[in-house]
Amino acid sequence: MKTKSTCAQNPNCSIMIFRPTKEEFNDFDKYIAYMESQGAHRAGLAKVIPPKEWRARQSYDNISNILIATPLQQVVSGQAGVFTQYHKKKKGMTVGEYRELANSKKYQTPPHLDFEDLERKYWKNRLYESPIYGADVSGSLFDGKTQQWNVGHLGTIQDLLEQECGIVIEGVNTPYLYFGMWKTTFAWHTEDMDLYSINYLHFGQPKTWYAVPPEHGRRLERLARELFPGSSQGCQAFLRHKVALISPTVLKENGIPFGRITQEAGEFMVTFPYGYHAGFNHGFNCAEAINFATPRWIDYGKVASQCSCGEARVSFSMDAFVRILQPERYELWKRGQDQAVVDHTETMVSTSQELTTRRVTKAPRKTWGLKRLRLRQVSRSLLPIATVSNVPCNMQVCHTSRQPSDVKGDDVQKSDSARASPHPLSLPSSGHMSTRRCSLGRRPCELGAQESSNGAPVKRQLPAGRDDTSPSPELQPQAVSGDLIVDSGLVNPGPQHLMTASEGGLTSDP
């Protein structure tokens, strides 16, 4: 049985960095619970550096022929640190062709002294030379043998969405890949249904993230309504379109607390429920992202805002989650009398030291390896798509209308032709991949765990059964100086279970 307790940890809402041991890395749910017990969720974002023995994939040498079906050119308008980003669909290209483009003179990363210098160049030159983002490629690059933290097989309660309701939404409960270049961006947003997300940077140049603590999310929304009055009038939750860019300078000037951190290859970023985040890529790279859930998320899901204009709507019924995981509140929920109240400072802790979470029995889902990835030379004929019918619960099918992604931290809008999956091509590789992210009621808009013209990409819902991807020692927090957090990993981390709290990572006016 779980009890709630107010989390007094991390009162400054600093972005934390965790280094689990090999043993601690074995239980994903338990480690997320541990991170929250230390207050990581209060920042809305945390970094996890895997044990040195762990590998997501043995080699990335054979991915050049993967097809990025609908690259998105990110065009920006605006001034003084306040921009609107929209997307122009470009002709499909392979990862190898995209790499050459990203490293070309026109799009390559400019010379810079350090991450902070590159960040200044980003905001100074964002209006020029619109970059192209290879976002929302459905699938995974994790080896099938990778058990720990394989984003396609996290085994969290989000699996109820497919198991109980037969709902599969690309990018939500199946992974998306994001191929980035210098200046490709994910605009300010929270995850669909205010879920958690996890983003792994497989290889390439770093990615800088900004995050506003969940307890200050309403302040960011109010500022965004003032800065983008037209968009605000057209949609009650227009930030879900993932097109609004607000610079750190503007946030500081308006007293909005935020943190920033740079993710490097081989590192995970975890976003927490109702944690607004945004960011940009430093150069050619590849990230993989997916959403997940814990029991603490359920009350967030009940009250999550929804896009009211249909541009970026991804929603599903909370019925199965309440019925199975909050049975004592289910009858009230059905009558509309269950008033969910979210306290962003609280965390869910177990009465036992095990931090056990109700685990849903799950049959292993087949995953798409590179052999299932869409390749340039593969036939474009389509796989049959089954209808989602006779689902064993009240969960409504996700509404799919979404803008192109800017980042998941990554997202994008998709064409109808790109929404169908091709026949598999046999390749001697492990991992799993396809080409798009699906979501009901959402159109492409974001690139990071989220990007087509005039918005971000849309998530697609797939029928279930489809062959798709899909007690810790005390820590000694270590301060990292500077607003831009760079963790070299060269210093002895001290205790095995080291967490780093970023001093100065949270910024606001006094």
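Note that Cβ sites are derived from N, Cα and C of the backbone, with glycine treated the same way.
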Fe cation binding, same site as His189, Glu191 - Swiss-Prot member from His87, His112, His277, His282
His277
How many of the residues that make up the domain 'JmjN' (15-57) does DSSP mark as helix, as strand and as coil?
17 helix, 8 strand, 18 coil
Among the recorded positions listed as Glu23, Glu24, Tyr133, Glu191, Asn199, the Cα nearest the Cα of Cys309 (Zn(2+) binding site) belongs to Glu191
Between Lys207 (2-oxoglutarate binding site) and Cys235 (Zn(2+) binding site), what C-alpha distance do you get in Å?
30
For each of the recorded positions (Glu24, Tyr133, Lys242), count the other CB atoms lying within 10 A of its CB, then report the residue with the highest count.
Lys242
Give the distance between the Cα atoms of His241 (Zn(2+) binding site) and Glu23 (polyADP-ribosyl glutamic acid), rounded to the nearest whole Å.
40
Counting across all protein chains shown, how many other Cβ atoms sit within 10 Å of the Cβ of Lys207 (2-oxoglutarate binding site)?
29
If you draw a 10 Å sphere around the Cβ of Glu23 (polyADP-ribosyl glutamic acid), how many other Cβ atoms fall inside it, taking every protein chain shown into account?
11
With Tyr133 (2-oxoglutarate binding site) as the reference Cα, tell me which of the recorded positions Glu23, His189, Cys235, Cys307 is the closest one.
His189
